[in-house]
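Trainee: Copied straight from TrEMBL:
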COMPBIAS  35-44  compositional bias 'Pro residues'
COMPBIAS  61-74  compositional bias 'Basic and acidic residues'
COMPBIAS  93-103  compositional bias 'Basic and acidic residues'
COMPBIAS  115-147  compositional bias 'Basic and acidic residues'
DOMAIN    313-488  domain 'CRAL-TRIO'
DOMAIN    490-595  domain 'GOLD'
REGION    1-194  region 'Disordered'
REGION    227-258  region 'Disordered'
């Protein structure tokens, strides 16, 4: 079986990888607002042998001695098709702790509005023109250096007539300095004026002693010192006023309430249904809390960017209603979704769906819309059904050479893997061609071990038999070997079907007893047919006559899919159906019947 091949492919992970999970506990106290990038898909960590019950028992035994190391390793062993409980009180202790930690991270993120904090992050680059004043200061410093370099040749000039002109210039400067400056706006400029006076006084002494200072040097010293206070006077008033106004405003505005975030119509933190949603993300990341938290944030962000809420109301047409459709439930109550890739053999439909990027984008939006509407019908109560079964029909599907289909499939696969965790209870592939197994091996490394464990593959000869393992025949569409048909029929999915296996080269008879006047109605089919079928009525009375209801004839697959027949009688007896399998292969017989009141 295909399931066995999947199990054989899974290999136990090295224990070194599991020990790394223990770091989760202190992660809550680390820098939470900085979520790490989505972690790579976890490697297979599950050996072939354990069942779900066995894993839970081992986890209980290990709880007491080593909580940190052993408990985390048992959480990752989620391989069985049987789904785990969603009731918080029934979870193993390590999973409870992981759920509580995830709730704390989400609550803090809601309080800090981290789910809508992206625009703030984009504002930071806009506030980066601050280096401009620094550049001006550097330019002033460079100008001063150039001026000092120019001073050295000026000092080498002869000391004869220019000393006379220096003295009055120096006196003028001192007079200007002694004159009271304009009232400063703050204390800082006043202090700077004192510094100016001392610097100019020192320079004047230097002129008296050496006589080597020129008028240019003194003027430069005066200008260089006088310019900064003017700049500071211009810069400081807005800098002092602005922070005060912002602080007062911030003090008056109360902190905003926590933001409200919902996924699939359910708040992240509100009720028991919220726990079911969070557990889906935790299981998708093997109960690694920070990875699950990052996945939730990414999903919320993607749903906003993709416009999920508006997508639900879009009219994207019904051209693809035969490609993907919901019909019936499996034996555990999961709704079943059928994906029929063979429909794309229609060249016109293929071109209208995948010819260019715009059409592929529309197909992707239609597929996501269909999935979203299906999810809204699930029951997210802890004891409800919140997953579905996917049946993928690969009969006559386009081969791997169809580049456009491959691109659309990969894109859809990535979106579903990242944003719709744990919504599939089983992935059943039927009518699988030889080339698809090779294709599956290519994409298999990109899937988690938990996802791969849900895959089942069936060849064309085994497709109906494989479906009947998970879905009752009355729920399986007639085109896949079942008895479920659209429109008004004599029987519905509420009428149970009996399954019988007919051995090669053997006959099988089915008897319907009649005890009163009635109208007996029945329908049957043999998967693959190629058998002989006949029906007759045998009365209970010894002197009665046998009535041939349906003459024995050979039925092939091309003749008819389902045989529906009826017989009215006013005497007790039995209707006998005979199926003669003369082939060398066993056959699957499906039938059901009902009686209706009959009166002359």
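Yeah, the Cβs are placed from backbone N, Cα and C, and that goes for glycine too.
Caution: TrEMBL annotation is automatic and unverified by curators.
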Trainee: What are the DSSP helix/strand/coil residue counts across the compositional bias 'Basic and acidic residues' (93-103)?
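Mentor: The breakdown for the compositional bias 'Basic and acidic residues' (93-103) reads 11 helix, 0 strand, 0 coil.
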Trainee: If you average the pLDDT over the domain 'CRAL-TRIO' (313-488), what number do you get?
Mentor: 90
Trainee: Could you count the residues of the domain 'GOLD' (490-595) that DSSP puts in helix, in strand and in coil?
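Mentor: Tallied per class, the domain 'GOLD' (490-595) gives 0 helix, 66 strand, 40 coil.
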